[in-house]
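The (6S)-5-formyl-5,6,7,8-tetrahydrofolate binding site annotation in Swiss-Prot covers ARG26, GLU88, ARG127, LYS458 and is backed by sequence analysis. Swiss-Prot lists 234-239, 253-259, 278-281 with the feature GTP binding site, giving sequence analysis as the kind of evidence. Among the features that Swiss-Prot reports, K(+) binding site is placed at ASN234, THR253, ILE255, THR258, with the record citing sequence analysis. For SER238, THR259, the entry in Swiss-Prot reads Mg(2+) binding site. Annotation comment: Swiss-Prot describes 224-378 as domain 'TrmE-type G'.
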Amino acid sequence: MSITKEFDTITAISTPLGEGAIGIVRLSGTDALAIAQSVFKGKNLEQVASHTINYGHIINPKTGTIIDEVMVSVMLAPKTFTRENVVEINTHGGIAVTNEILQLLIRQGARMAEPGEFTKRAFLNGRVDLTQAEAVMDIIRAKTDKAMTIAVKQLDGSLSQLINDTRQEILNTLAQVEVNIDYPEYDDVEEMTTALLREKTQEFQSLLESLLRTAKRGKILREGLSTAIIGRPNVGKSSLLNNLLREDKAIVTDIAGTTRDVIEEYVNIKGVPLKLVDTAGIRETDDLVEQIGVERSKKALQEADLVLLVLNASEKLTDQDRALLNLSQDSNRIILLNKTDLEQKIELEQLPDDYIPISVLTNQNINLIEDRINQLFFDNAGLVEQDATYLSNARHISLIEKAVQSLEAVNDGLALGMPVDLLQVDLTRTWEILGEITGDAAPDELITQLFSQFCLGK
């Protein structure tokens, strides 16, 4: 997609393909009303009031054949998502009918929209900035209510406001430095001394570092915790997965080696999305298929944010158990002693003190797993403070880290006694980096790449 503004009219199906109660085909652009009217039998859409819903039929203009009975929403620029004329045709849900209407609109002069092009136009037309555009996709992808809360707040402009206010303060500081350099005799502007610049720079740095401290929590809530369930065969890993999911997704049998691959599922644990990875039991095996599963399990363990190590409390520790304890000791790990409903034989004195005795069969202490996760990753604090602004996007986090580094360079220069005017470069770089977050200074290639990740029709 070109970054220059385009004024042709685009169209796409905005609802998931498949059967459903309603399907929506969207148009945006100067000719949206005229194109929609050319296939609509009902009120004249070019004459109806903005933000109205109009009953009628979509027809094939060449044959007069009725395609579907519809409700058509008409929204006139600039009070629309794209700030262009927007028409949304609400059809009966179904692949055939929505595709037929889409093809009619294209034949009448609309262009098939590219992924994310409606939101891209909202960005190019000043309706949203880049952080708000990204928040749209975060809302769509949110797996828990906490993740959605963060995304909605970002869409509302909380992060944008904070970044823009900081950029303005940096710009004011740069302007003050420039005035001091170009007009040293101008007494109405406070002199930007080394001490004053250090104070301002530290203030900027403190604010950005405070924002960075929200990144761990925000990123977890946005992307989820990659959680590997490990243990030797037949200790209850798949049963634990099913218990957490509240449904049977993994194959549970008494035969060692029945989980031959890595099974991934998402589950909501008190607002935290866990990407649960049920791994094949890690053991030595001659079975080629199972060997592949074991290797994938080891890889999943290395990449996991959280490890749930399941041991069988009704049996003594084996060499495989001890190997897994060693293998996972440097991970964020929760040790689970399963099958406590049976006679206990495991040697507790050989285990770390922080294990949790559970019974997947009777549901004993499963809730303690959730509490331990909160303790490990959130220091027992609440997951989301209602009025707080969170960093959750990896791109934003990386740019804030770079901005902090630029401010550190300013402070280092001040400590070395460098003149204030020579430190403008790093301060200007900080201002530019923060502009990349909101899109004010983002490269065209980045903007194109970001919007290409959106779904069609959004």
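Cβ coordinates are placed from backbone N, Cα and C, and glycine is handled just like the others.
Taking the features listed in Swiss-Prot, we show where each one sits on the structure.
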residue	record	Cβ within 10 Å
ARG26	(6S)-5-formyl-5,6,7,8-tetrahydrofolate binding site	24
GLU88	(6S)-5-formyl-5,6,7,8-tetrahydrofolate binding site	19
ARG127	(6S)-5-formyl-5,6,7,8-tetrahydrofolate binding site	18
ASN234	GTP binding site	20
LYS237	GTP binding site	29
SER238	Mg(2+) binding site	24
LYS458	(6S)-5-formyl-5,6,7,8-tetrahydrofolate binding site	20
Residues ARG26, GLU88, ARG127, LYS458 binding (6S)-5-formyl-5,6,7,8-tetrahydrofolate per the record - widest CA separation, whole Å: 19
Rounded inter-Cα distance in Å - ARG26 ((6S)-5-formyl-5,6,7,8-tetrahydrofolate binding site), SER238 (Mg(2+) binding site): 44
Using Cα positions only, nearest of the binding-site residues to SER238 (Mg(2+) binding site) (GLU88, ARG127, LYS458): LYS458
Closest of GLU88, ARG127, LYS458 to LYS237 (GTP binding site), Cα positions, binding-site residues only: LYS458
By Cα-Cα distance, the member of binding-site residues GLU88, ARG127, LYS458 nearest ASN234 (GTP binding site): LYS458
